[in-house]
Amino acid sequence: MAASAARMSAPALMVALAVLAFVAGGSAQLQYGFYKGKCNASDVEAVVQGIVKARFAREAPIVAYLLRLQFHECAVNGCDGGLLIDGPGSEKTAAPNLSVKGYDLIAAIKAELEKRCPGVVSCSDIEILATRDAVALAGGPAYAVRTGRRDRRQSRASDVNLPAPEYTAAQAVAYYARLGMTAYETVVLLGAHTVGATRCSAIKNSRLYRYGGKPGATDPSMDPGTASVYKKWVCPNVTSSDGNTVFLDDQWSALKVDNNYYKNLQLRRGVLSVDQNLYRDGSTRWIVDQLANNAGLFQAQFAKVLAKLSEVNVLTGTQGEIRKVCSKFN
């Protein structure tokens with residue numbers, strides 16, 4: 001490490017150190033079982049799990065809502081609860097976040113924990129725990145997460161910079177590198193689309209009817225049969241179809257955390273450009289193949305990547321605050 005640093009220019013070294021500082025944040029002070037013995041007679045993680053389980057039983061798509069919420073949270077200034085804040089100019093009001101769901105579940109969990117031990121459990125920890133529990137309920141891996149995050153007293157829409165659905169593989173890898181992710185981890189994290197959905201408006205111009213800006217052109221990387229089904233039944237070329245739902249995985253698998261998403265990429269059935277581009281690019285295709293062909297590997301790696309994402313630029317110790325209500329600062 002020292003020899004490598006010595007060969008780096010001073011500006012390059014400063015950039016590298018800045019990225020490391022952003023990614024690490026206060027993660028060194030997180031710990032497993034942080035809330036044990038701190039919520040009177042209550043087991044905090046069990047309380048969260050119980051509420052998530054009840055919600056999942058009546059609304060299975062909650063797993064997709066929470067995975068998206070965690071990513072939109074942690075990708076902007078870290079996992080700090082900033083996305084949960086209401087009010088003009090907050091992260092929640094930024095265009096990419098207008099369709100984020102799951103806030104009501106986080107609020108319900110917080111309200112229950114405030115009854116049991118006021119001012120103890122952070123909203124940012126609740127987000128991470130709830131997502132973890134939903135993933136397991138949807139057939140994904142059961143994994144441990146460290147807790148002890150605190151909530152940031154800042155939330156600005158102007159800070160929101162999220163990846164575009166039209167990204168190339170190289171652009172996606174570069175974006176996730178800002179969060180400390182490798183190319184391999186980027187492909188694994190995008191596997192969250194196994195339970196995702198979008199709207200026809202996200203693919204009509206970019207993939208179905210105006211590929212490359214050419215009227216009537218369809219993205220040649222999309223399987224022709226799949227494109228035909230979308231055009232005829234799901235996303236016909238009329239304005240009224242813009243809001244129609246398009247699952248990012250086969251509908252039979254759209255509520256399961258599994259590796260079927262990668263199998264669809266192999267068949268050129270990826271929905272978003274960024275998804276299919278992972279298979280078009282030789283530098284990431286091998287990763288897709290590996291995950292598509294090994295369900296157990298995907299489960300294990302998905303757990304590791306979600307845990308890693310949950311520790312991006314966190315606040316700990318006496319930093320920030322423990323909000324009383326997740327949607328507003330104390």
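Positions of Cβ are set from backbone N, Cα and C atoms, glycine also.
Features as listed in TrEMBL:
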type	residues	note
SIGNAL	1-28	signal peptide
DOMAIN	29-330	domain 'Plant heme peroxidase family profile'
DISULFID	CYS39-CYS117	disulfide bond
ACT_SITE	HIS72	active site, proton acceptor
DISULFID	CYS74-CYS79	disulfide bond
BINDING	VAL76, GLY78, ASP80, GLU91	Ca(2+) 1 binding site
DISULFID	CYS123-CYS326	disulfide bond
BINDING	PRO163	substrate binding site
BINDING	HIS193	heme b binding site
BINDING	THR194, ASP250, ASP258	Ca(2+) 2 binding site
DISULFID	CYS200-CYS235	disulfide bond
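Here the features listed in TrEMBL are placed on the structure.
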residue: HIS72; record: active site, proton acceptor; Cβ within 10 Å: 20
residue: CYS74; record: disulfide bond; Cβ within 10 Å: 26
residue: VAL76; record: Ca(2+) 1 binding site; Cβ within 10 Å: 24
residue: GLY78; record: Ca(2+) 1 binding site; Cβ within 10 Å: 24
residue: ASP80; record: Ca(2+) 1 binding site; Cβ within 10 Å: 30
residue: CYS123; record: disulfide bond; Cβ within 10 Å: 29
residue: HIS193; record: heme b binding site; Cβ within 10 Å: 25
residue: THR194; record: Ca(2+) 2 binding site; Cβ within 10 Å: 29
residue: CYS235; record: disulfide bond; Cβ within 10 Å: 23
residue: CYS326; record: disulfide bond; Cβ within 10 Å: 23
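Cα distances from CYS235 (disulfide bond) to the binding-site residues VAL76, PRO163, THR194, ASP258 are smallest for THR194. Over all protein chains present, the Cβ of ASP250 (Ca(2+) 2 binding site) has 14 other Cβ atoms lying within 10 Å.
A Cα-Cα distance of 17 Å separates VAL76 (Ca(2+) 1 binding site) from CYS326 (disulfide bond). Cβ-based neighbour count (10 Å, all protein chains) for PRO163 (substrate binding site) stands at 17. Sorting the disulfide-bonded residues CYS39, CYS79, CYS117, CYS200 by the number of other Cβ atoms within 10 Å puts CYS79 first. When Cβ atoms from all protein chains are considered, those within 10 Å of GLU91 (Ca(2+) 1 binding site) total 25, not counting its own. Considering only the recorded positions CYS117, THR194, CYS326, no residue lies within 10 A of GLY78 (Ca(2+) 1 binding site) on a C-alpha to C-alpha basis. Closest in space to CYS123 (disulfide bond), of the recorded positions given as HIS72, PRO163, HIS193, ASP258, is HIS72, taking the CA atom of each residue. The Ca(2+) 2 site, placed at the center of the C-beta atoms of THR194, ASP250, ASP258, has further neighbours from the same chain whose C-beta lies within 8 angstroms: VAL195, ASP249, SER253, ALA254, LYS256, VAL257, ASN259, ASN260, TYR261, LYS263, ASN264.
Ranking the recorded positions ASP80, HIS193, ASP250, CYS326 by Cα distance from the residue listed as 'substrate binding site' puts HIS193 first. The recorded positions close to ASP80 (Ca(2+) 1 binding site), defined as a CA atom within 10 A of its CA, are CYS74 out of HIS72, CYS74, CYS117, CYS200, ASP258, CYS326. Shown in sequence order, GLU73, CYS74, ALA75, ASN77, CYS79, GLY81, GLY82, LEU83, ARG152, SER155, ASP159, ASN313 are the same-chain residues outside VAL76, GLY78, ASP80, GLU91 whose Cβ sits within 8 Å of the Cβ centre of the Ca(2+) 1 site. If you take the C-beta of ASP258 (Ca(2+) 2 binding site) and look for same-chain residues 6 or more apart in sequence within under 8 angstroms, you find GLY139, GLY140, THR194, ALA295, PHE298. Within 10 Å (C-alpha to C-alpha) of CYS79 (disulfide bond) lie the following recorded positions from HIS72, GLU91, CYS117, HIS193: HIS72. For the domain 'Plant heme peroxidase family profile' (29-330), the predicted model reports an average pLDDT of 97.
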